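Quick look at what TrEMBL annotates:
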type	residues	note
ACT_SITE	ASP111	active site
ACT_SITE	ASP304	active site
DISULFID	CYS124-CYS128	disulfide bond
DOMAIN	93-415	domain 'Peptidase A1'
SIGNAL	1-23	signal peptide
Amino acid sequence: MRLEVLPISFALSLFFSVDHTLAAPASHGQPSSRGLHVPILRRARVERNDTEWGNWAKQQKQFLEGKYGRSPSATKRSSGYNLMVNQNIDSSYFGSIAIGTPPVAYNVILDTGSSDLWIANSDCTEGCSGLETFHSSSSSTFTNVTGSFSITYGSGQASGGLARDVVQMAGFQVNNQVFGLCDVVSGGLLNAPVSGLMGLAWKSLSTSGVTPFWQSLYEGNVWDESVMAFYLTRFQNVTNAQDQEPGGVFTMGTTNSSLYTGQIDYQDVPSDAVTYWTLPLTNLTVNSNSVTLPSGSSSYAAIDTGTTLIGGPTAQVSALYAQIPGSAAETGQFQGYYNYPCSTSVNIALSFGGQSWSISPTDFKLTELESGRCLGAIFEFQGSNSGGPAWIIGDTFLKNVYSVFRAKPPSVGFAALAANAESSVTAAGVPTATIGSVSASVTGSGRTHENAASPNSALAWSHVALLICALGTSLLYLF
């Protein structure tokens, strides 16, 4: 059994209840060059005391260390979008997929820090109360796949079997997608309306040996461009933020030029690190003061939409807070975190070999503690001790940029957000659960070592409308 760690977006669910509103792909908007987008939604603020914050902070650290604390192992084209939901004030972002024939919609965390797709099964005996679960008997295209499926996280485990069925998202379809169908889910791993997780990293990271949904589409040559892109909204420190808010837009096969301005600064993934979406962190400043960073693999950072906060090596994180007057290391449940005077505005900037990108002081300020001091959103992380990336760059950073994950060549790009990105997305409101038409499909592939067909060409495509809006999010959430 191989071990994985739960995205922090799942972790927060341990402390926050979620209602049953679903967010799914929208099919409205203005035409574009064959590309689609996925809306994201977000939830309302929940007040916590220091003990609750301490439990949450400790779990975020444990989840990240578990997730990264192991060594990773000629057709018509289109593009599409999926509107996302922002849960628990920037804690997690989820979108909608559809599985089966006829298709049924499910909400899943969109996680560039893992590679497996899994969903709660209708036969689930533990941890699935109140969730929308998958009913295999309702799908005429469902088949079982030999083999078991098991993922272990810092907070528990999801396990069951493997299945094959039609999976749709953002106007794309994989006809024989293999995914985990979980009968046992540890309490707190999933909370309605989330039913599972879709991994968006590379197949080499998959615990089940299955080609990820996005990679089947890319290899099937059905995208206009070999890219996936995210715009994530911010509701951190927004008064009266609701449990669910517009979360942003996830786009496959193209980028949405209405959400960013200027050029996309692409930086290549190192050739020895094409598992996560990894970039070397080359420069880090705190209020314009530089923090000394190592070179080579010791500087590798995973760009992870499924992580709420930012984790980094002890030496560099300590040096970062040393640049903040009055900061101090936390203890107990907050071990690995630092506090600082709330009156201090902290400006963090990161560079991955190109342009420097700033983190809003609002995003860096995780919360105000009962002592009147504020907790920083960057903490000490020891994943590199077990062969994982030295840094994990989550939504604390990604809310500040338009992020693009390019398959060929493997690279990650960032661009400045358009001035009206937030207003254009939030004006659309919280997305509703819908199942749109399919613009392009591929046959898909099975597990590694399984005698299954490799990804084939797209069968057909139809002109797809492109949504020109993005959604918003809030709160900090780690995996």
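Counting starts with 1 at the first residue shown.
Glycine too: its Cβ is placed from the backbone N, Cα and C atoms.
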Nearest by Cα to ASP304 (active site), of the recorded positions ASP111, CYS124, CYS128, is ASP111
List the residues of the same chain that sit at least 6 positions away from CYS128 (disulfide bond) in sequence and have their Cβ under 8 Å from its Cβ, in sequence order, or write 'none'.
ALA120, ASN121, CYS182, VAL185, LEU190
Can you check which residues sit near CYS124 (disulfide bond), meaning Cβ under 8 Å from its Cβ, same chain, 6 or more apart in sequence, and list them in order?
LEU131, THR133, GLY160, CYS182, ASP183, VAL184, VAL185
Tell me, roughly as an integer, the mean pLDDT over the domain 'Peptidase A1' (93-415).
94
Near ASP304 (active site), how many other Cβ atoms are within 10 Å of its Cβ?
32
Run through the Cβ atoms and count how many others sit within 10 Å of the one on ASP111 (active site).
28
